[in-house]
Amino acid sequence: MKDESSFFTIDHIIELENGQSIRVWETPPKSDTHKKNSTIVIAAGFARRMDHFAGLAEYLSSNGFRVIRYDSLHHVGLSSGQIDEFSMSIGKHSLLIVVGWLRAKGIQNLGIIAASLSARIAYEVINDIDASFLITAVGVVNLQDTLEKALKYDYLRLPIDELPDDLDFEGHNLGSKVFVTDCLKNEWDTLGSTFKAVQGLNIPFIAFTANGDSWVNQSDVEKMIDNIDTTQCKLYSLIGSSHDLGENLVVLRNFYESVTRAAVALDKGSLDLDIEIVEPGFEDLTSTTVKERRLRNKIENELLELA
């Protein structure tokens, strides 16, 4: 990839054979930092666009990382498709396309950061993509349990023909039949399926839970880590946070700092977060957020003109 460190965000498009496309944003490492070994791929949580992680990208790039973000197919954001057709397998497919695209560009050392629902997707593929390390934040490990808590009802137990057309999840209409059918057919739903996916994990892995998370049981995350036969895993808690990592500025800053420390540590082969990092200024974070919002609006307007 071309080094365009002076430009705040580089917009890429992965064109697929079926006419769909995945939008990717690249944040190069800051020119005045020591470049890290790994390129970071951020997989945002459900109903979160890649620009929601502008602040985290700014933190990571200020500490020497090239950062890659993307919007999944059939999701909110700038990639093709509608969210009522989203499924876990489509999320998996999108992540694998982005990883393959980076490999084709000669980028070998990839660190994966995944939040919430995307963490369950990362757990599913992590043993197959030859990543350098994995970081998850409020990562879903028992999808059926999390969905029941989020939706106030266990829809995965209903027969498919009794499901409502859409489920209101995080303020978006999730196509229930598409999503639930995929969950059951491809075994995304249980804690045991997550155990199976991460069994044999042999790369460094740090998981962050939130002590106020009502959607993910920390005990389930602990069981998952205990199920991994390695000493390269560590669990940390984001004190004072709920499942919503952006609920206030204090929680958000703690999330940015903690995940950045984890990335810097893992890039050096350590699991210890007691390290110094560069913290970007509030003005830099605000400027990046505003610029990315303008870029997103510009792209959305262009897509509307083409429709």
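Quick reminder: no glycine exception, Cβ is built from N, Cα and C everywhere.
Quantities reported herein were computed from a predicted structural model and do not represent experimental measurements.
These come from Swiss-Prot:
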{"type": "ACT_SITE", "residues": "S116", "note": "active site, charge relay system"}
{"type": "ACT_SITE", "residues": "D213", "note": "active site, charge relay system"}
{"type": "ACT_SITE", "residues": "H243", "note": "active site, charge relay system"}
Among S116, D213, H243, the most crowded of the active-site residues [Cβ within 10 Å]: S116
Spatial separation of H243 (active site, charge relay system) from S116 (active site, charge relay system) - C-alpha basis, Å: 8
Rounded distance in angstrom between the Cα atoms of D213 (active site, charge relay system) and H243 (active site, charge relay system): 5
Mapped DSSP class for D213 (active site, charge relay system), helix or strand or coil: coil
